[in-house]
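Taken from Swiss-Prot as is:
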- 26-46: transmembrane segment (TRANSMEM)
- 111-131: transmembrane segment (TRANSMEM)
- 139-159: transmembrane segment (TRANSMEM)
- 174-194: transmembrane segment (TRANSMEM)
- 212-232: transmembrane segment (TRANSMEM)
- 272-292: transmembrane segment (TRANSMEM)
- HIS274, HIS335: heme binding site (BINDING)
- 305-325: transmembrane segment (TRANSMEM)
- 327-347: transmembrane segment (TRANSMEM)
Amino acid sequence: MAHAELATEQTLLREIGRTERNRRHIRGWLAVVLFALFALVLVGGATRLTESGLSITEWKPVHGVIPPLSAQEWEEEFRLYQRIPQYEQINKGMTVDDFKTIFWWEWAHRLLARGIGVIFALPLFFFWVTGRVERRLRLPLLAILALGGLQGFIGWWMVSSGLAERTAVSQYRLATHLTIACVIFAACMWIYRGLCPHSDDAPPTKASQKMAAVIAIFSLFQIYLGAIVAGLDAGLSYNTWPLMDGAIVPGGLFVQQPAWINLFENPKTVQFVHRLGAYLLLALVLWHMIAALRSAPETTHARRSVLLFALVVVQAAIGITTLLLQVPIGWGVLHQGGALVVLGFAIAHWRGFVGAYPKDTAIEVRA
């Protein structure tokens, strides 16, 4: 009996060790995916700010990997761009060399997106067939893969909105594209954090745990609002702070009918709502930090809440600076990257309350 118990214990320890090794491999893979997704969002922001997103007017998922390689191919690509309203109304007179600048931004964005599909799908397949993917992770990882495929279609759906009548993409489709990218990033972060070792600190209160979830979800919503701002160039509506046109609440916020359409199509209203969202997020993380410090000042949860507050303050400062400088490209990209950092940490913070995935220690003992 003692020998059987010892053998079972040794088998259990080996199984736990194998699970931990597999988790380290999965974490390493997801860390690479997260880094690539972060880079993709930054390149996407630069593509938008340089008005490069409509430079490639066709969607070729496979052949589009190869850029123009000869002068003739560049001329042909440029002729395609000259057919769309953006060229006729904004960039008429652009040279081929000028066109190459905006082309490379969009091409790099698409290439990086394709690359992420590869670095997600191939390792997932390998980990799956070698038994390294825990059963509880299979459906979430497949859902992320499917969402990534859908995101490719959404990207082209967004671009196509600016090829016929508009000189820029639809703000609705831009917001959808960015939000889905952030959902994919958040989902990868949630799984990554769930596979990391956690502290044994109990959550300060149930309310703190719920507030961590609210903050994470609202951070994503604030990114959606920011995408609407970007799609309308609403960041140029008012370039003063803290007042807007000399007032806390400026006029002309609801001049369009029906009134709700102003929330999506009136640049002044859109910027005002995005500002309010930033103030509300700052208030939420401040309240959350104070509550955590009062309830359990020495816990990792409290320390994370302090860091989250600091990140939101820095992001707010970046946003204000971007606004006052009238949205220069560098600051605009930094602001978009900062939003993703806040979202990622908010997700990790929330997951810290929930805890790590339990390890499967069930051992089948055969006679």
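Note: Cβ is positioned from N, Cα and C throughout, glycine not excepted.
Fair warning: this is a prediction, and the values are worked out from it, not measured in the lab.
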Top stretch among 26-46, 272-292, 305-325, 327-347 for CB pairs under 8 A with the transmembrane segment (174-194)?
26-46
Using a Cβ cut-off of under 8 Å, list the residues of the same chain at least 6 residues beyond the transmembrane segment (111-131) that approach it.
22, 25-26, 29, 32-33, 36-37, 39-40, 43, 61, 65, 138, 141, 144-145, 148-149, 151-152, 155
Let me spell it out: take the transmembrane segment (272-292), skip the flanking residues so only those 6+ beyond its ends count, and list any with a Cβ under 8 Å from a Cβ in it.
204-205, 207-208, 211-212, 214-215, 218-219, 221-222, 225-226, 228-229, 234, 244, 249-250, 253, 263, 299, 301-302, 305-306, 308-309, 312-313, 316, 319
Can you give me the same-chain residues 6 or more apart in sequence from HIS274 (heme binding site) with a CB-CB distance under 8 Å?
GLN222, LEU225, GLY226, ILE228, VAL229, ALA234
Intrachain residues whose Cβ lies under 8 Å of the transmembrane segment (212-232), provided they are six or more past its termini:
48, 168-172, 174-175, 177-179, 182-183, 186, 264-265, 267, 270-271, 273-274, 277-278, 280-281, 284-285, 288, 308, 335-336, 339-340, 342-343, 346-347, 349-350, 352-353
Which sequence-distant residues neighbour the transmembrane segment (305-325)? Criterion: at least 6 residues beyond either end, Cβ under 8 Å.
208, 215, 235, 238-241, 278, 281-282, 285-286, 288-289, 292-293, 331-332, 334-335, 338-339, 341-342, 345-346, 349
